[in-house]
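Undergrad: From Swiss-Prot, here are the annotated features:
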REGION    43-69  region 'Disordered'
COMPBIAS  44-58  compositional bias 'Polar residues'
REGION    81-109  region 'Disordered'
CARBOHYD  N97  N-linked glycosylation site
CARBOHYD  N122  N-linked glycosylation site
CARBOHYD  N148  N-linked glycosylation site
BINDING   D242, D244  Mn(2+) 1 binding site
CARBOHYD  N272  N-linked glycosylation site
REGION    414-756  region 'Glucuronyltransferase activity'
BINDING   D563, D565  Mn(2+) 2 binding site
Amino acid sequence: MLGICRGRRKFLAASLSLLCIPAITWIYLFSGSFEDGKPVSLSPLESQAHSPRYTASSQRERESLEVRMREVEEENRALRRQLSLAQGRAPSHRRGNHSKTYSMEEGTGDSENLRAGIVAGNSSECGQQPVVEKCETIHVAIVCAGYNASRDVVTLVKSVLFHRRNPLHFHLIADSIAEQILATLFQTWMVPAVRVDFYNADELKSEVSWIPNKHYSGIYGLMKLVLTKTLPANLERVIVLDTDITFATDIAELWAVFHKFKGQQVLGLVENQSDWYLGNLWKNHRPWPALGRGYNTGVILLLLDKLRKMKWEQMWRLTAERELMGMLSTSLADQDIFNAVIKQNPFLVYQLPCFWNVQLSDHTRSEQCYRDVSDLKVIHWNSPKKLRVKNKHVEFFRNLYLTFLEYDGNLLRRELFGCPSEADVNSENLQKQLSELDEDDLCYEFRRERFTVHRTHLYFLHYEYEPAADSTDVTLVAQLSMDRLQMLEAICKHWEGPISLALYLSDAEAQQFLRYAQGSEVLMSRHNVGYHIVYKEGQFYPVNLLRNVAMKHISTPYMFLSDIDFLPMYGLYEYLRKSVIQLDLANTKKAMIVPAFETLRYRLSFPKSKAELLSMLDMGTLFTFRYHVWTKGHAPTNFAKWRTATTPYRVEWEADFEPYVVVRRDCPEYDRRFVGFGWNKVAHIMELDVQEYEFIVLPNAYMIHMPHAPSFDITKFRSNKQYRICLKTLKEEFQQDMSRRYGFAALKYLTAENNS
């Protein structure tokens, strides 16, 4: 320590020299710039313009002064370089001193003593600034439960990833819903240097369920109290965040504050920015005990190792039991209990500067915390009103939040150069598959799309459905893009059963969809519709990937494989459930065909029965689907027979057959090599046939295709010759793969293709 401080004195002496040399020089020059008490300009031209006494000798003197000034400046620059080298060699007892250093404004915890010690020159740390190593992993814990909170977490994570320069390890205390959503999201996001671990929140309920809580977060709002018990025993420190947090700076700056903790300080918190704990918000307002204004727990720095040694579990439980005898319940969930503990043990807390948790609650005084934008580091939307909270600067905060809400998450897949990362099997396999492709191949983009991993957010809106107990339930499966959004309400009116939809959207479009859905009474009244967002990437519409995502996340034993442009007949849901029993789909390989028709009219009086449909067919109001452009697609359905059929009938597979079918949920997936327009359904029906599915046409079922503008992909198919060539190549490769997988049984498809 003596050597450290001796080096410090040398450093201070050198610094004083750096300051004194230019100061003395400028005093000399300044005094020499006066003649007879009047200022004399050092500029020869200015002097000549204003002084009649300008002479050649005085010009030489001033030129010599200017030369001397330049020499002094060169000496100063050299001295600065020496000082910077000396500072770089200065010994330090802090870890990671070779890495990036974050200098921060002090919090109030022991800050006066620290400043006094530095001024006195006898600080034990010699004024060393806190540091975070370049590749040090930052640990973040978040409690998340339910569908809405899962959406909020994504925005929080985006804001953290946008600014971060360090590896991150997220510890998510999640219920089964949030775990399913977020596990899929992070797995498909594939962000380098990010690790995610999940902890079952449902198993922790018994730890806090005995505490009555009036806060809107419910029982999950108390789970931060048990983090010392939940998180790994070898984890020493963690940043704990609420889901309604937005970062405006690098989280490493906050992580660096841990180095400022002293003595028994184990909690880093920002003071509450409302008068809640002062008890003067309304008459007879009785808050939980708190130190002054109390502290907000939206952002917490936890020293887990010290908390465990202090027996934190016992400490907060005893405090909660004692206070609940008088308070009966908590109003602000875990925050009330944290504050009650701090009231009794103020030495536990290190008060963070208020910009680490700028609170936008209903009664906030947070505007006193910041002066300009540069002061903001963390924004906390801690009001039930969220973005609708009243604040004179709320428009600025809202725009900052919306920036990350709509930010393209694919752009956050950037590498942290210079930091070794754990090998990710999925990422390595993807790179291997891509490296095997020939980039000079004219169909390279088509082939690449098959291996593209699209970021996926399951159950974007609240979903709640229990399949019927009789095991006949059927889910309608479809996929769509933003331009087909208007079909959702109509489909929901025609189909009362469960629906699974995969939506291909950008981040910004996902928010537009959210606003659209929340503004629709029809959609908000339905909780049995699963909306799964597959985020845009690449130039093709991944139609079969979308179908697979929607198929994979159904909870019923059967599914109706439809398309978003079709309206099913009224009552089709119940009719299909009866047909499942009638045709014994549970024990046989059958694909029930729903005959497809179309109209060219945007306003259609939808037929209520088969008789009405046949009448409209005869009048030319309806047509069999694609009869005029792609007859082969649905011709095997045998519409002539269907007109008079009263019982289900079997049809045989033919080339290019692509009906809409009802099958068991264990049927084969769609082949991902087919993207955009062409052969995506044909290939699937071919695979059903080779697996010996029977195609059964339902006599009293129908669906009608509604008119719409041509899609971008069909336009490319029609106008781009290379597109059609690549599609043909993919078809041939698919048929070859079928022959390899199914052998002799697949030969008929090659023959049928040659004859068609």
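Quick reminder: no glycine exception, Cβ is built from N, Cα and C everywhere.
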Undergrad: Could you check which of the recorded positions D242, D244, N272, D563, D565 is the closest Cα neighbour of N148 (N-linked glycosylation site)?
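TA: Ranked by Cα distance from N148 (N-linked glycosylation site), first place goes to D244.
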Undergrad: Compared by Cα position, which of the recorded positions D242, D244, N272 is the closest one to D565 (Mn(2+) 2 binding site)?
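TA: Minimum Cα distance from D565 (Mn(2+) 2 binding site) across D242, D244, N272 lands on D244.
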Undergrad: So which of the glycosylation sites is most packed in, judged by how many other Cβ atoms lie within 10 Å of its Cβ, out of N148, N272?
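TA: Answer returned by the neighbour count: N272.
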Undergrad: Measuring Cα to Cα, tell me the gap between D244 (Mn(2+) 1 binding site) and N272 (N-linked glycosylation site) in whole angstrom.
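TA: Answer for this pair: 16 Å between alpha carbons.
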Undergrad: Radius 10 Å, atoms counted are CB only; among the binding-site residues D242, D244, D563, D565, which position scores highest?
TA: D242
Undergrad: Just the number: how many Å between the Cα atoms of D242 (Mn(2+) 1 binding site) and D563 (Mn(2+) 2 binding site)?
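TA: Rounded to a whole number, the Cα-Cα distance is 39 Å.
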Undergrad: Any idea what the Cα distance is from N272 (N-linked glycosylation site) over to D563 (Mn(2+) 2 binding site), rounded to a whole Å?
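TA: A Cα-Cα distance of 52 Å.
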Undergrad: With H, G and I counted as helix, E and B as strand and the rest as coil, say where DSSP puts D242 (Mn(2+) 1 binding site).
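TA: Looking at the DSSP assignment, D242 (Mn(2+) 1 binding site) belongs to neither helix nor strand, so coil.
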